[in-house]
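> Reproduced below are the annotations present in TrEMBL:
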type: DOMAIN; residues: 33-283; note: domain 'G-protein coupled receptors family 1 profile'
type: TRANSMEM; residues: 16-41; note: transmembrane segment
type: TRANSMEM; residues: 53-73; note: transmembrane segment
type: TRANSMEM; residues: 110-129; note: transmembrane segment
type: TRANSMEM; residues: 141-163; note: transmembrane segment
type: TRANSMEM; residues: 194-216; note: transmembrane segment
type: TRANSMEM; residues: 237-254; note: transmembrane segment
type: TRANSMEM; residues: 266-285; note: transmembrane segment
Amino acid sequence: MAESGTLPTGFGELEVLAVGTVLLVEALSGLSLNSLTILCFCKNPELRTPSHLLVLSLALSDSGISLNALMAATSSLLRGRKKGRGEGSLVPRVSHRRWPYGSEGCQVHGFQGFATVLASICSSAAIAWGRYHHYCTRSRLDWNTAVSLVFFVWLSSAFWATLPLLGWGHYDHEPLGTCCTLDYSRRDRNFTSFLFTMAFFNFLLPLFITVISYRLMEQKLGKTGRPPVNTVLPARTLLLGWGPYALLYLYAAVADVTSISPKLQMVPALIAKAVPTVNAINYALGSEMVHRGIWQCLSPQKRERDREQ
């Protein structure tokens, strides 16, 4: 992984700035949309239902991903100065961009990012199962089940994100050197055992649940008309948003990851940081009830008319 004090090999100043700018746009977009979704859930009583609680869990986790991206963007865009050997030194003071919060800050940043990523993936699977249960069975999703699902999602995510802090896996700087994630440069038994176990329970299994739930919805509801929710985009978002990361980690487990250029290694991270925005558009803006709730939050006059009625 890249050292935190200088620009990493393979990146120039403008390239680091470009990555930081992309991260900043993704972070602000995802944070604003998901924060608006959370605000509407808190203010609109119509949205306080068991099924929408799962969407709220997703919005919270995606907000965490966006905050993590915002920290990475800030580190990429901040300019530091590399000190010379004294006041009168002839060694120039070189500008650089780096992770400014030390090794402990890197561990915290890695834990926070990893936990919210896992919570986002598992929340998407929980929403898929909840929608199947809601639309394809005779019993509606109740509060006890919804709360239990949300509790399990966050507890499981925190558990898996804690393991690298305890020695199974490891957090370190990404190739850019301005953010921290699960270290995939160590091709040892510790990394591979953690990777394959974690990927099965936190990527393959949620992806399987998501695909099967929406496929069953299509089969049952497609006979009577169009399904009331998008049954294609959620699974595609999981696969295309987190699949490149999974492939990079898989390649790192079986081959020398240094054969991939540092710039190419950063592509999965940039793709993944766009997932919160896509999720907000799909689950919040794509839902008629949530969309109406957002409009009510943004329109004080409409809220007053609704109260009078």
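FYI, residue positions are counted from 1 along the chain as it appears here.
Cβ atoms are placed via backbone N, Cα and C, with glycine included.
For each feature listed, report its degree of burial, its nearest neighbours and the pertinent distances within the displayed model.
Sequence-distant contacts of the transmembrane segment (16-41) (same chain, at least 6 residues past either end, Cβ-Cβ under 8 Å): 7, 47-48, 52, 55-56, 59-60, 62-63, 65-67, 69-70, 72-77, 97, 176, 178, 266, 270, 273-277, 279-281, 283-285, 290, 293-294, 296-297.
Distant neighbours of the transmembrane segment (194-216): 118, 121-122, 124-125, 128-129, 131-132, 136, 156-157, 160, 163-164, 168-169, 184, 231-232, 234-235, 238-239, 242, 246, 249-250, 253; these residues of the same chain sit at least 6 beyond its ends, with a Cβ under 8 Å from one of its Cβ atoms.
If you look at the transmembrane segment (237-254), the same-chain residues 6 or more away from its ends with a CB under 8 A from one of its CBs are 117, 121, 124, 182, 184-185, 187, 191-192, 195-196, 199, 203, 206-207, 210, 260, 265, 267-269, 271-272, 274-275, 278-279, 282.
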> Could you pull out which residues elsewhere in the chain have a CB under 8 Å from any CB of the transmembrane segment (141-163), counting only those six or more residues past its ends?
50-51, 53-54, 57, 61, 111, 114-116, 118-119, 122-123, 126, 129-130, 133-134, 169, 194, 198, 201-202
